[in-house]
Amino acid sequence: MAPRKGKDKKEEQVISLGPQVAEGENVFGVCHIFASFNDTFVHVTDLSGKETICRVTGGMKVKADRDESSPYAAMLAAQDVAQRCKELGITALHIKLRATGGNRTKTPGPGAQSALRALARSGMKIGRIEDVTPIPSDSTRRKGGRRGRRL
């Protein structure tokens with residue numbers, strides 16, 4: 001059978017998803033790590049914080065509910081985020097670490113440290129690390145009643 005006429009193969013152009021920058025220049029994003037004792041969120045935005053680039057939670061990576069906040073789930077979530085950032089051309093991240101805060105605990109959950117380590121190990125450059133846990137100047141009353149939580 002003879003080849004068809006009029007059908008020419010078009011050259012595919014390579015389209016970069018990320019910003020156009022010089023070689024060796026860092027493109028920064030902001031990584032918001034929210035580590036509670038029930039889950040860990042790894043959320044990357046642009047520098048303004050308005051445009052979400054990628055968001056993965058520990059619960060998206062593991063099946064059991066009890067493992068959502070584990071360091072392993074946080075590590076898997078951070079690796080996913082780092083891979084997606086590299087695809088989009090983001091090479092460096094500023095970290096904003098957050099615990100539950102308010103009138104609850106001000107210490108980050110178990111996934112915070114491992115998420116940060118996984119980001120660094122996966123080749124992302126780390127800019128500034130900041131703790132943005134909400135700390136009240138004078139809080140509302142904590143739950144548990146007058147005599148506290150009885151175990």
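Every residue number used here counts from 1 along the chain in the order it is shown.
Note that Cβ sites are derived from N, Cα and C of the backbone, with glycine treated the same way.
Residues 103-104 of the same chain lie 6 or more positions beyond the ends of the compositional bias 'Basic residues' (142-151) yet place their CB under 8 Å from a CB of it. Here Swiss-Prot flags 142-151 as compositional bias 'Basic residues'.
The feature SUMO2 cross-link is assigned by Swiss-Prot to Lys61 (among others). Cβ neighbour count for Lys61 (SUMO2 cross-link) (all protein chains, 10 Å cutoff from its Cβ): 20.
As annotated by Swiss-Prot, SUMO2 cross-link applies to Lys63 (among others), with the evidence given as similarity to another entry. Counting only same-chain residues at least 6 apart in sequence, none has a Cβ under 8 Å from the Cβ of Lys63 (SUMO2 cross-link).
Sequence annotations record features per position, and here Swiss-Prot assigns SUMO2 cross-link to Lys106 (among others) based on similarity to another entry. Mapped onto three states, the DSSP output places Lys106 (SUMO2 cross-link) in coil.
Marked as phosphoserine by Swiss-Prot: Ser16 (among others).
According to DSSP, Thr133 (phosphothreonine) is assigned to coil rather than to any helix or strand. Non-local contacts of Thr133 (phosphothreonine) by the CB criterion (under 8 A, 6+ apart in sequence, same chain) comprise Leu97, Arg98, Ala99, Thr100, Gly101, Lys106, Pro108. Marked as phosphothreonine by Swiss-Prot: Thr133.
Annotated phosphoserine per Swiss-Prot: Ser139 (among others), in sequence order. Cβ neighbour count for Ser139 (phosphoserine): 11 (other Cβ atoms within 10 Å of its Cβ, all protein chains included).
The region 'Disordered' annotation in Swiss-Prot covers 131-151.
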Mind giving me a neighbour count for Lys106 (SUMO2 cross-link)? Other Cβ atoms within 10 Å of its Cβ, every protein chain shown. 14
Can you tell me how far the Cα of Ser139 (phosphoserine) sits from the Cα of Lys61 (SUMO2 cross-link), in Å? 34
